[in-house]
Amino acid sequence: RSLFDEPLGIAVQGLSPRQQVTLRASLRDEAGELFEAHARYQAAEDGELDVARCPALPGGSFSGLEPMGLLWALQPRKAFWRLVKKDVQTPFLLRLEVLEGHGDDSGRLLAQAQHERAFLRDGVRRVPVRDGRIRATLFLPPGNGPFPGVIDLYGAGGGLPEYRACLLANYGFAVLALAFYGYEDLPKEMKEINLEYFEEAVNYMLQHNQVKGPGIGLLGFSKGGDLCISMASFLKGITATAVINGSVANVGAVVRYKDVTIPPLGVNPKRIKVSKSGIGDIIDALNNPLEGADRQSFIPLEKAECRFLFIVGQDDHNWKSEFFATEGSKRLQAHGKEKPEIICYPGAGHYIEPPFFPMCAASMHLLVGMPVIWGGEPKAHCEAQIDAWQQIQAFFHRHLKG
Ligand SMILES: CCCCC/C=C\C/C=C\C/C=C\C/C=C\CCCC(=O)SCCNC(=O)CCNC(=O)[C@H](O)C(C)(C)COP(=O)(O)OP(=O)(O)OC[C@H]1O[C@@H](n2cnc3c(N)ncnc32)[C@H](O)[C@@H]1OP(=O)(O)O
């Protein structure tokens, strides 16, 4: 058993010298969908095969020395499917098989093992929160708090994804996974966003006796990223905001707070490029928030009193994350604010998840209504996820010491 975001050592012993085998990794998600990767190897002289020392031969899901290849190369059998974890209290079961030979049809099964990839570290508490309007789950690390607190937001698609919040809590943070639409009695669609809802969540965290003050952190991915920037710009009590492939303009739905209204950035669906197979590339669909009326959608992040970290996948095809981060930085500095940290990852796409979630190349875009490409190259994307995860934790540790 290991935690899902931890690297894994994979080795086979007792093979014949230089024996040719195929290693296969597979995992079924909670919907029963299969993810699979396989690679061809040759054992060493002593009959041992350690994937950290032995390169994969051509012909499998990957080749070369790739200690984590069997994890990052996992691909769903079902098109446009993405690995998500709904029940964080149970592990994913990773099945590892050693098959004879290098044939296209699977050879005789020589050995197999099952390994649990868990989400909750022992002692981490999972607390469903139904407080006022808030629909959320709080994860509290073991031991005596208070702990640095973080609110975690996903993006379009809604629901209450808990897996990133839970993995982050394993490292000593009190993390609130916060739903904002498409969950229980929250609005079904993302039509209008009221920051008062998010303010309740910030206050819930600030008043919690297990949360270290005086301020909390925000972590947001995609649409959750621009939401975090809006929260940081208008709400009190936020010390550090980490944005993963987010936008500095408000996108998708109007944001309201007291007498403030931020319209969503304009889009032109004619700029969506649709491939022969019907997959969209929406990279050029959004208007430029530096031009004309669309400037009203640029979130006034210079009002924020927190530090910013922008995690950028340079091959993001959802939108221009690097441009957004750079423009956010210019605007902060033009107002005499601290320069944000911007960390760019070549070869990383939009869907930057915690380590070892296999890259999702394309899936249904729940706002656009067609499958879209997210960008990224699996190996580079995997490496980016590993590094970004460390950077996010280090950023929060630096700024949420209390
Ligand atoms: C602004 C656009 C306005 C529209 C204009 C039109 C065109 C404009 C063109 C371009 C616009 C350009 C840019 C604007 C772009 C973006 C703004 C937003 C950016 C984003 O933000 S980018 C998404 C980031 N994303 C997340 O941040 C994840 C959020 N959270 C979830 O996505 C859910 O939390 C989930 C799925 C984890 C559990 O949700 P759940 O518990 O409610 O699950 P449930 O089973 O009910 O599924 C509900 C539906 O997800 C499908 N689904 C379920 N499981 C799946 C899987 N494993 N793989 C693939 N699909 C899956 C089902 O098939 C069903 O789809 P359906 O309803 O169609 O059947």
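Note: Cβ is positioned from N, Cα and C throughout, glycine not excepted.
Among the features that TrEMBL reports, active site, charge relay system is placed at Ser222 (among others). Every protein chain shown contributes to the tally, and the Cβ of Ser222 (active site, charge relay system) ends up with 27 other Cβ atoms within 10 Å.
Taken from TrEMBL, the feature active site, charge relay system applies to Asp316 (among others). Cβ neighbour count for Asp316 (active site, charge relay system) (all protein chains, 10 Å cutoff from its Cβ): 25.
The 10 Å shell around the Cβ of His350 (active site, charge relay system) contains 26 further Cβ atoms across the protein chains shown. The active site, charge relay system annotation in TrEMBL covers His350 (among others).
Per TrEMBL, the feature domain 'BAAT/Acyl-CoA thioester hydrolase C-terminal' maps to 193-401.
Taking a Cβ cut-off of under 6 Å from any atom of ligand 1, the active-site residues Ser222, Asp316, His350 reduce to Ser222.
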